[in-house]
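A.B. asks: Sharing a structure, written as structure tokens. Questions coming.
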Amino acid sequence: MFEYLTAGESHGPRLTAIIKSLPAGLKVEVEAVNEQLFRRQQGYGRGGRMKIESDQVIINSGLRHKETLGTPLSMTIENKDWQNWVEVMAPDKEAEADMEALTNPRPGHADLPGALKYNHRDLRNVLERASARETAARTAVGAVARQFLNQFDINIYSHVIQIGNLKSETWTDIKAKDPERFKRESDIKEYFDELDKTELRCGDTARTEAMKHLIDSWRANGDSVGGVFEIVVTGLPVGLGSHVHWDLKLESKLAAQLMGIQAIKGVEIGAGFKGAGLPGSKAHDEIFYNLDRGFYRKSNQAGGIEGGISNGEELIIRLAMKPIPTLAKPLHSADIISKKETTAAKERSDVCAVPAASIVGEAVTASVLASSTAEKFGGDSMQEIKRNYDSYLEQLRKF
Ligand SMILES: Cc1cc2nc3c(=O)[nH]c(=O)nc-3n(C[C@H](O)[C@H](O)[C@H](O)COP(=O)(O)O)c2cc1C
């Protein structure tokens, strides 16, 4: 379930995503997909491309009267910029004789290893697919997965907690400051929804100003900016993923797919690297029980996963994004044809895309969790999956 493919070049006619297997009877709102595409296009520090594109999904198959048929769901997103690239990116015409190849690879991008591996003499053949434009397709897939997860009251949020070397509070810090504030799901949703109205998706307003200033000043130097964002998932039942084999562990699935997002270079679950420095007595979450809540914890150092299995607490993941490789003041490079010293290519580019990456992170998390949920509860239709889910919850209550 939720196995998918994406295809499409950054300046080609369109992006395509196909979700191979979905349960029948899932209600999918196209507007909810477009809303996620819109969120991915926002954020302080983005480049000119996002001003050209206003992504809208077209559903080509798998949906009838807003409900999935259980058949492959295929979606496309037009690239408006294609109009400017019809000749350069023509799928069905020979290259024009005067077309200049791109031959000066950017350090940190796929340009050089991609050209060497695929024996390309024009770096465009590599960068068009390596480009994070592809993440629009994954965001559309994630938007369908989210609608599936909503049926089980599973919600996915994110916020930016570091831009360049400026850090802000983590979700655990924010909750610790005011434990009464986030007792209900609606309070959590309201907090994260408000972040969508801000330019950096960071809850600390004073910090946001400093972060924007950092982006501006690094941009003025011809530089780019990375950062860290955090994903928070509420409503996960105990029991997604498994301890029985390494590749079934929930965190191994999450880490593999989240590391598949362009420019993501680190994934932490729960206390992560900080946890490694704590004594065991402080690094683990003591177990409590009462009749209302069943088994529960008063802390969440594990970040919601123990032994590869969701433990019923919030899932907390942090992702490190490296600075964008395309620089206005380009780095030293070597031409792939002449082999002479040169400077790296200067494509139109974002300076900072951490807020956008956080939306892609939500989408990828949604697709992993939707797949794990469908796997755990099984079934070809939503009715069947929900029945299995309800009876599992009953089993947990009686445990
Ligand atoms: C949302 C998002 C937007 C990005 N925008 C750009 C960009 O405008 N220019 C650029 O050079 N890299 C951009 N990147 C990063 C590159 O796509 C990425 O660094 C490159 O494909 C090499 O892959 P790697 O960093 O995973 O090794 C972006 C990444 C994301 C997630």
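In case you wondered, yes, glycine gets a Cβ from its N, Cα and C as well.
Remember, it's a predicted structure, so these values are computed and weren't measured experimentally.
Under the heading NADP(+) binding site, TrEMBL lists Arg40, Arg46. If you look up TrEMBL, you'll see Arg129, Ala130, Ser131, Gln262, Ala263, Gly307, Lys322, Pro323, Ile324, Pro325, Thr326, Arg348 marked as FMN binding site.
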A.B. asks: Please list residues from the chain of Thr326 (FMN binding site) whose Cβ is under 8 angstroms from its Cβ, counting only those at least six apart in sequence.
C.D. replies: Arg106, His109, Ser224, Ala344, Ala345, Lys346, Glu347, Ser349
A.B. asks: Whole-number Å distance between the CA of Arg129 (FMN binding site) and the CA of Arg46 (NADP(+) binding site)?
C.D. replies: 19
A.B. asks: Which binding-site residues among Arg40, Arg46, Arg129 have CB under 6 Å of ligand 1?
C.D. replies: none
A.B. asks: State the count of C-beta atoms found within 10 angstroms of the C-beta of Arg40 (NADP(+) binding site), not counting that atom itself.
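C.D. replies: Excluding its own Cβ, the number within 10 Å is 26.
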A.B. asks: Given Lys322 (FMN binding site) and Arg40 (NADP(+) binding site), what distance in Å do their CA atoms have, once rounded to a whole number?
C.D. replies: 18
A.B. asks: For Thr326 (FMN binding site), which DSSP three-state class applies?
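C.D. replies: Coil, per DSSP.
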A.B. asks: Please tell me which one of the binding-site residues listed here (Ser131, Ala263, Ile324) sits closest to Arg46 (NADP(+) binding site), measuring Cα to Cα?
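C.D. replies: Nearest in space to Arg46 (NADP(+) binding site), counting only the binding-site residues, is Ile324.
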A.B. asks: Can you tell me how many other Cβ atoms are located within 10 Å of the Cβ belonging to Arg46 (NADP(+) binding site)?
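C.D. replies: Excluding its own Cβ, Arg46 (NADP(+) binding site) sees 18 Cβ atoms within 10 Å.
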A.B. asks: Pick out which of the binding-site residues Ala263, Ile324 has the most other Cβ atoms within 10 Å of its own Cβ.
C.D. replies: Ile324
A.B. asks: Same-chain residues six or more away whose CB lies under 8 A from the CB of Ser131 (FMN binding site)?
C.D. replies: Glu9, Ser10, Gln262
